[in-house]
Amino acid sequence: MAPQESTNELNEAEATKVVDLNIPQGDGDKEDEAVDEADKVSATATATMKTPNSIMMKKTSSIFSTRDGHTLEFDNIKLSTQSKNHEKNPPKQILKGISGNFPPKTLTAVMGPSGSGKTSLLKILTGRIGGSNSKLDLEGEIRLDYNTVEATDIDVRREIAYASFGAIANLLISTMFGVAQSSLTEFPKDRPVFLREYSTNHYSVLPYFLAKFSIECFTILCQVLVQQLAAFFLMGFQMNFFLFLMINFLLAIASTSIGIFIGSCVEDPGVAAELMPALIVPQLLFSGFFIPTAYIPSFLRWAQYACSLTYAIRLASLYEFGDCPTSACQTLLENNGVYELPSYWYWIILFCIAAIFRLTSMVILKRKATF
């Protein structure tokens with residue numbers, strides 16, 4: 001029995017589309033019980049999910065309104081149960097020849113009297129019941145049990161893009177954590193040695209910082225290189241390996257400079273460790289990792305420009321997804337503000353962050369180099 005479809009608006013459910021099973025009577029809540037007690041459940045369903053090639057949408061403040069959609073069409077859905085004890089559990093024909101469709105971006109109501117099979121219909125469409133007889137025809141390709149997923153689907157492309165973005169962000173955050181924490185806690189320990197040797201004219205501030213910077217560059221490069229060799233190829237990134245290596249290296253230098261700046265301002269390593277959240281937490285919140293920067297309130301959005309992680313993530317995202325023409329990749333880049341500036345500006349800003357905090361640390365340390 002084919003359902004009756006209507007586009008009349010329902011005041012209670014606020015539905016814009018109705019799929020009415022229109023079955024006169026049923027067994028009420030016993031349809032789930034019949035399925036559970038049956039020795040054999042026979043379900044057949046053929047569903048076609050049509051994906052539009054391109055969907056034009058207006059930009060709004062809602063993250064859900066910018067997502068693409070599919071039209072799910074189902075035809076001749078059948079569901080029946082059988083039991084060995086026919087007297088106690090007689091065969092039941094729960095669904096028979098149900099057809100209809102669920103359009104995208106539309107609140108659809110599945111209507112019918114109690115026991116007409118509303119829940120069973122949704123379970124079949126989502127693959128919760130049906131076994132190997134369940135089929136899904138996605139853009140002309142039959143898929144059994146909804147297991148096969150190809151990268152040609154818009155939703156799958158979006159998931160792949162966001163998974164790659166999350167992997168990029170995690171590697172950059174790992175780099176930032178590793179170098180910033182060590183510099184923030186170790187520099188206050190070296191500070192008394194520097195002050196003592198500076199007071200005896202063994203060396204001045206500039207040679208000390210140049211020597212320390214040279215050693216840091218070598219150790220940080222080795223640390224970042226080992227991390228990238230272990231993770232880059234396993235995660236299957238598409239960007240150039242050496243570009244991503246340089247992004248991680250420059251982010252590490254900038255994070256080390258910030259750590260040295262905080263370490264030069266305090267004398268106690270314990271106090272420096274307590275200031276660690278002030279260095280890390282804003283970077284995580286405003287870099288676009290947890291939420292796209294486009295959805296951060298405007299009165300807080302300015303903080304992202306003070307975070308070195310923001311520029312590193314934008315650079316890596318641009319090199320990873322910049323050549324990807326799909327809407328999933330481009331939406332990801334736009335929501336995180338990657339196109340706000342040309343890429344070379346992000347390199348310059350990262351370099352300036354490292355230089356400014358290094359020079360400021362030199363000035364502070366020189367002023368405190370007195371007993």
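Placed from the backbone N, Cα and C atoms, the Cβ positions cover glycine too.
As written in TrEMBL, here are the features:
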COMPBIAS  1-10  compositional bias 'Polar residues'
DOMAIN    160-317  domain 'ABC-2 type transporter transmembrane'
REGION    1-38  region 'Disordered'
TRANSMEM  160-184  transmembrane segment
TRANSMEM  205-235  transmembrane segment
TRANSMEM  241-263  transmembrane segment
TRANSMEM  275-296  transmembrane segment
TRANSMEM  344-365  transmembrane segment
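Within the chain, the transmembrane segment (241-263) has long-range Cβ neighbours (under 8 A, six or more residues past its boundaries) at 171-172, 175-176, 178-188, 191, 216-217, 220-221, 223-225, 227-228, 232-233, 272, 275, 278-279, 308-309, 312, 315-316, 319, 347, 350-351, 353-358, 360-361, 364. Proximity of distant same-chain residues to the transmembrane segment (160-184), defined by a Cβ-Cβ separation under 8 Å and at least 6 residues beyond the stretch ends, is recorded for 151, 216, 220, 223-224, 227-228, 231-232, 235, 237, 247-248, 251-252, 255-256, 258-260, 262-263, 272-273, 275-276, 279-280, 283-284, 287-289, 308-309, 312-313, 316-317, 320-321, 324, 326, 328-329, 332.
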